[in-house]
């Protein structure tokens, strides 16, 4: 059986993976290696912490016999391509600074486009204590309308083209009514009415997207305009068609007495006719900040019809902040910031803004702890905040989501009444971030939200829309079943630069999204270049160690690299990724050696050589195969150990050797069981199989290159041991379920068959698999809990590698068809490395 990364390496392109287990705790090291100072000076010109790369590893003289060249070079002029790529990347980063600066500005202080529609309604609010026809309370809004009419006579946001839309028609009509109310801007009114007349057919075209409540608000505003004496530029037939739209909508809503309908009517109250609105009922939805749903338009309409100190105070706060440029929603900082944080993570560039993201999450956590309305009462904000806070180690309880545990709560909200897919998707994603078995609220929330999303996939409401792809992707790939490079590529290729929040009118600027897409595409392209150069380096290493000449082993170098890249994706972690890939390749060689390429005597001979290590010349080579395998192992482990020792400022090579020795001994035990037909107990099986899972030889060495000091007390800590245990257990059990049928045919046992045997055949195979899947889920939650907790001793970047490894294991051991199958996943990983991005602009 293969490790999760071996599963990639095996794939369907080669023979099926054999039984391989996982590792255990590796001890730390002690004294610094003698070559550390020289390497440190070469890379840093002094005594600073070194960045060691494979470019100089050949120079690291370990004091041991030098074996055949490992393909490393000493001078930067002849360094491997991926090291040159790192230097190029440093220059490329200067080009990206403009994008990063603009993204950072929006991240820290979200930009809101002025909303002509909301500005118009705020402009209609009269000065308190005066006759309604005497003076506006917010003259700056009236002035903005006068100064910001487009050349075609319209008002409204239209960043992409000059064509009309229902949103622009609604905004234009609102601005006309505001100017007419204060008897100003006759020329602007004339031009605005001409624009509406020219584009009136759009209003009744049901194929054109409409803002929320358009079929109620636009007809009501047409009636208001006519009552104000405006000569509305439409025929009586056209007016009747508009009113028919309103009547049809009211008929559809007539029998609905739900709280959701009440919330919906309150949300669009500014556009409803007077006879349809009970303002005392509407004001029940007023928030602590005085607003209705954080909507300036709805709040202004309430003030027009019914004076309220808190509502007026809210509008003053909006105008004081934005002047006449009132946005559609305020406040929206937290939602906007969290949305951008989520986007940065999804498209793979969050590491460029880590400190800024932490400040935002710190602020969000404070608001969460205070149960602030801006976070808790807005469903998508609440769900997104919970997910991001929990995944970043903040102590948020699922009990805080009790108000959205039931589907009825969702349906009684504005978002639920509007059947808002984005809000529903956020609730579903939040439900999956479970850290224990006792979180019934998340379980309930995931059940009903998942069912509703599946129903949406079967309907025509969102077919062909970008949100449909998001829903399909989220349902098919939970966050623990995705690989970072694949996830980043999918999100970049499906990025919609025109996307904006589903609200009454357009509000969010697109240029920020364009900057995000540009930076992500540039970052991903550089990753690809780095990956390609790393593969060339690995091919040279394979030839120089003569691994390609071994007849008993399968050719798995590229696949070994793909599995390493799936687990360690950032281009700046080249050394960790290369170390991991080389180690995977060697574990596959050892796997095949013990499985099909050696006798018992050869296996014992190889173990004896590794036990002697530097004194290997005291042991004779039993065969050329033993010699070839040992020399490849000896050369590479020493090389990696020397580099890791330079980075860690102490000798860590011997601990990597010990992990290899543990691995080889467990392979020998497995081989002996096969030869003797021994049936181990479940306890014996798991104890051995978690070592042959190959986590020890492949992961610890990579962890040394993650930019963190892994002192001896860290790698001997119980937390470290538990991370290994949980990851090994998950991977072993996932492997066993996937490989059960094949191993039965080969006469081999694994945890599934042993569980059935232990039950004396009372338990069926399917029941055994179900029980094991429950164990996997439990281990996964516990693993995630350890990874995200902030009070541990293991550095965060190192813990995250365990989580990425779990995701690699989960994906490649999935039994699902299509994209989740190893064959499809291998094709997708190849696409990550070799195929250019297919963005909307391409």
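Keep in mind that glycine also has a Cβ here, set from the backbone N, Cα and C atoms.
Among the ranges 586-590, 591-595, 596-600, the stretch that Swiss-Prot annotates as motif 'DDXXD motif' is 591-595. Most buried of the binding-site residues 735, 739, judged by other Cβ atoms within 10 Å, is 735. The separation of residue 595 (Mg(2+) 1 binding site) from residue 739 (Mg(2+) 3 binding site), Cα to Cα, is 16 Å. Comparing local CB density within 10 A for the binding-site residues 591, 595, 743, the maximum falls on 591. Taking the C-alpha positions, the distance from residue 735 (Mg(2+) 3 binding site) to residue 591 (Mg(2+) 1 binding site) comes to 15 Å.
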